[in-house]
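Q: Starting off with a structure, shown below.
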Amino acid sequence: MSHPPKLRLGVNVDHIATLRNARGGRAPDPVRAALLAIEAGADGITAHLREDRRHIRDDDMARLKAQISRPLNFEMAATEEMVRIALATKPHACCLVPERREELTTEGGLDVVGQHNALAPAIARLSEAGIRVSLFIAADPAQIEMAARLRAPVIEIHTGGWCDAITDGHHDKADAEWQRIVAGARQAYAAGLEVHAGHGLDYATAEQIAALPEIRELNIGYFIMGEALFVGLAESVRTMRAAMDRGRDRATGATA
């Protein structure tokens, strides 16, 4: 069977901004982290401008767009304010995510079935501006079907449930979540969607999911930044890249 294309790695720099904001000031700089990640092998940079600006700030997004040499993936809620900022920033891509002020991190996927009427105008405006829109959703058949109907070209499968089950030692749940991801990736690919994945991935889970030929990109931040405390950012990015490449070497099919 044919071999799928190289799997792209998007490195999320939100947690560099979290550390900076814990004390105030300008250091550590998420743009510097992005540049180092690209030098170490990242194919793109992801950053989430939340409504409460708890980590990434408006000027971070502007500087990332101006200074990095790889695609910028702008994570955002589908609000009027964020659409306006995205249209002004003109990133390569916007990933629409759910957002609640009380959450520590994005806890679930978008409910595109329940919110399709609100999402459709945002998707249309961003797409008309030449920005590639992705929807961060669970590997649920109804959500994937609606994502295709909304004509967003990309979905990002939320892998948090699978990763958490592995970490907690819940093997049956992990297996069930994994099968959902496999089925969801196949369904989305068959519907003509480009498939990305992210949330909670580490070296082992990134290597495993890299073997799914339908998946084109992984977006990973927290684990890479945590490992960077011990081995350095460049080394953690290189090790993640190597893990993904090992997994990809086991993938066959889905070459289009």
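Glycine too: its Cβ is placed from the backbone N, Cα and C atoms.
According to Swiss-Prot, the feature 3-amino-2-oxopropyl phosphate binding site maps to N12, R23, G200, G221, Y222. Summarising the annotation, Swiss-Prot assigns 1-deoxy-D-xylulose 5-phosphate binding site to D14, H15, R50, H55, T105 and lists sequence analysis as the type of evidence. According to Swiss-Prot, the feature active site, proton acceptor maps to H48, E75, an assignment based on sequence analysis. Residues or ranges marked as site 'Transition state stabilizer' by Swiss-Prot on the basis of sequence analysis: E156. For H199, the entry in Swiss-Prot reads active site, proton donor.
Could you give the neighbours, burial and distances for every feature on this list?
A: In three-state terms derived from DSSP, G200 (3-amino-2-oxopropyl phosphate binding site) belongs to neither a helical nor a strand segment and is classed as coil. On its own chain, G200 (3-amino-2-oxopropyl phosphate binding site) has T159, G160, W162, C163, D164, T167, Y222, F223 as residues at least 6 apart in sequence with a Cβ closer than 8 Å to its own Cβ.
Sequence-distant neighbours of R50 (1-deoxy-D-xylulose 5-phosphate binding site) (same chain, 6+ apart, CB under 8 A from its CB) are I56, A77, E99.
H48 (active site, proton acceptor) falls within a strand when secondary structure is assigned with DSSP.
All protein chains considered, the CB of E75 (active site, proton acceptor) has 27 other CB atoms within 10 Å.
Taking the Cβ of E156 (site 'Transition state stabilizer') as reference, residues of its chain lying under 8 Å away and at least six apart in sequence are, in sequence order, C95, S134, L135, F136, I137, V195, H196, A197, G198, E217, N219. In the three-state DSSP scheme, E156 (site 'Transition state stabilizer') falls into the strand class.
Over all protein chains present, the Cβ of H199 (active site, proton donor) has 25 other Cβ atoms lying within 10 Å.
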Q: Would you count the other CB atoms within 10 A of the CB of Y222 (3-amino-2-oxopropyl phosphate binding site), including those on all shown protein chains?
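A: If we count other Cβ atoms within 10 Å of Y222 (3-amino-2-oxopropyl phosphate binding site), we arrive at 16.
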Q: If you draw a 10 Å sphere around the Cβ of D14 (1-deoxy-D-xylulose 5-phosphate binding site), how many other Cβ atoms fall inside it, taking every protein chain shown into account?
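A: Its Cβ has 21 other Cβ atoms within 10 Å.
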Q: H48 (active site, proton acceptor) has how many other Cβ neighbours within 10 Å of its own Cβ?
A: 23
Q: Counting only other Cβ atoms and using a 10 Å cut-off, which of the binding-site residues N12, H55 scores lowest?
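A: Each of the binding-site residues N12, H55 was scored by Cβ atoms within 10 Å; lowest is H55.
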Q: Roughly how many Å lie between the Cα atoms of N12 (3-amino-2-oxopropyl phosphate binding site) and H199 (active site, proton donor), rounded to a whole value?
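A: On Cα coordinates alone, these residues lie 10 Å apart.
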